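Asks: My questions all concern the structure below.
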Amino acid sequence: MHDKILILDFGSQVTQLIARRVREANVYSEIHPYDVDASFIRDFAPKGVILSGGPSSVTETDTPRVPQAVFELGVPVLGICYGMQAMAEQLGGKVDIGHLREFGYAEVRARNHTSLLEGIKDFTTPEGHGMLKVWMSHGDKVLEMPPGFALMASTESCPIAAMADEKRHFYGLQWHPEVTHTVQGRAMLERFVLQICGARADWEMGNYIDEAVAKIREQVGNEHVILGLSGGVDSSVAAALLHRAIGDQLTCVFVDHGLLRLNEAEQVMATFADHLGVKVIHVDASEVFLRKLAGVTDPEAKRKIIGAEFVEVFQAEAGRLTDAKWLAQGTIYPDVIESAGKGKKGAQTIKSHHNVGGLPETLNLKLLEPLRELFKDEVRELGVKLGLPPAMVYRHPFPGPGLGVRILGEVKRDFADLLRRADAIFIETLRTFIDKETGKSWYDLTSQAFAVFLPVKSVGVMGDGRTYEYVVALRAVQTLDFMTAHWAHLPHELLGHVSNRIINEVRGINRVVYDISGKPPATIEWE
């Protein structure tokens, strides 16, 4: 059994980053809503508890509070932003609405010698004060610390920026150690988890494979499992893990909706059927999907049609596998968190997980989610350890509706063919162009890159003739979390090379443009 850190979510947009940072220290962590009951907290038996930030104000009476059981467990507690304010208010301190709000970069002076911040600093002032570069995002602030607490850090506008009760191992930070802008944030969280909580650093993907395989075998027994294989990272890793556990008891259904990347169907079949020996049923449903999409231009309508048709095709194939008792899905931990948090007071409003839908009930199958405890980076690491090609495991995200939302307006087979080839040229070029400074390919230096088909024509000149052909836009972004993103400053030489190749090799396109919009205001995908 792994040591665990319990993270209570008060609605922060970056709560998932806390769990990721803890797991990066090789300690298992889980996120749960702030209002879980006392018996759950006791049964969870955490080595420590972290209270997340959130958008509410503890100065109001009906806003979230920390379960009293947290303070009675006898384990270390770390409150972050709202979590610190709630801790202060509930333990006898005072919190007030701040007249000077702090949003963004701040320099914090560490005070006193506390076990959480001892020896952690970014620079020292001429007066000899240790300083930290941190990220703040708060309006309210603690005016008076509860009994037993000592000042741990301060800023000019926030005299109590951090506090500590060393006897009970309760700590509060007004800044966010989980975001990369807080330079020493990782060191602070590792100090709390490993030294103060004393958690064992034994959460590793190598160990996870053995544990997951044993758990799947115990859960499934001799029964058969079906999995919808999309070719994406999550379903691919789920298939590899399940095959490792139950072999021929697994059958994958790969639905080709005609909106995949160039040669993607062949690559999926080669990897799973030929290389790994997984049983895969390949369904070419492209004609059906394209027929249903004819005349449809609204992006949301296209998504719904593709989603509904996928369910119908998958259901028809799965219905033929009469001995199957389980439906496996590539649900990962962020999907679980988002679905659980939906509708919770104080929580951010996020989509519910689209994978699950109503398929298990419709097919009268039991649901199997072997990756539901893992974050995306952990899923990728697991995939490599299971023998999947790194090029597949580490490739950029691809939307479920595929090229259907990268063809603006109506989806046509000709448009999909043009876009497929243009996109392949762009990706191939990103892989081959190496940045001299880092030694990495531009594909590895970007978080997501793709081509978009624009349903407009422009005048061009090729040879001695006039052309009137379509336009393709290129999009490449860099991001840590996909919540915000910067457009990638690709070398002009690379962009020129891509443009020349697309115009010369993809008949029907005579103009290539590059999208230099960030997120926000633009989204990463165009539709």
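In case you wondered, yes, glycine gets a Cβ from its N, Cα and C as well.
According to Swiss-Prot, the protein has these features:
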type	residues	note
DOMAIN	4-202	domain 'Glutamine amidotransferase type-1'
ACT_SITE	Cys81	active site, nucleophile
ACT_SITE	His176	active site
ACT_SITE	Glu178	active site
DOMAIN	203-395	domain 'GMPS ATP-PPase'
BINDING	Ser230, Gly231, Gly232, Val233, Asp234, Ser235, Ser236	ATP binding site
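I'm curious about the neighbourhood of these features; can you describe it?
Replies: Cys81 (active site, nucleophile) is surrounded by 26 other CB atoms, counting those within 10 A of its CB over all protein chains shown.
According to DSSP, His176 (active site) sits in a coil region rather than a helix or strand. Note: His176 (active site) has non-local neighbours Val14, Gly53, Ile80, Cys81, Val134, Trp135, Met136, Ser137, Thr182, Gly185, i.e. same-chain residues 6+ apart with C-beta under 8 A of its own C-beta.
Here the Cβ of Glu178 (active site) has 28 other Cβ atoms within 10 Å, regardless of which shown protein chain they belong to.
The Cβ of Ser236 (ATP binding site) has 26 other Cβ atoms within 10 Å, all protein chains considered.
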Asks: I want the residues beyond Ser230, Gly231, Gly232, Val233, Asp234, Ser235, Ser236 whose C-beta is within 8 angstroms of the mean position of the ATP site's C-beta atoms, in chain order.
Replies: Leu229, Val237, Ala238, Gly330
Asks: In the structure shown, which of the binding-site residues Gly231, Gly232, Asp234, Ser235 has the fewest Cβ neighbours within 10 Å?
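Replies: Counting other Cβ atoms within 10 Å of each of the binding-site residues Gly231, Gly232, Asp234, Ser235, the minimum falls on Gly232.
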Asks: Between Asp234 (ATP binding site) and Glu178 (active site), what C-alpha distance do you get in Å?
Replies: 25
Asks: I'd like the Cβ neighbour count for Ser230 (ATP binding site), meaning other Cβ atoms within 10 Å of its Cβ, all protein chains included.
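Replies: For Ser230 (ATP binding site), the count of other Cβ atoms within 10 Å is 24.
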Asks: Would you mind reading off the Cα separation of Ser235 (ATP binding site) from Glu178 (active site), to the nearest angstrom?
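Replies: That comes out at 28 Å between the alpha carbons.
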Asks: How many whole Å apart are the CA atoms of Ser236 (ATP binding site) and Glu178 (active site)?
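Replies: Answer for this pair: 29 Å between alpha carbons.
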Asks: Can you see whether DSSP assigns Ser230 (ATP binding site) to helix, strand or coil?
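Replies: SS state of Ser230 (ATP binding site) = coil.
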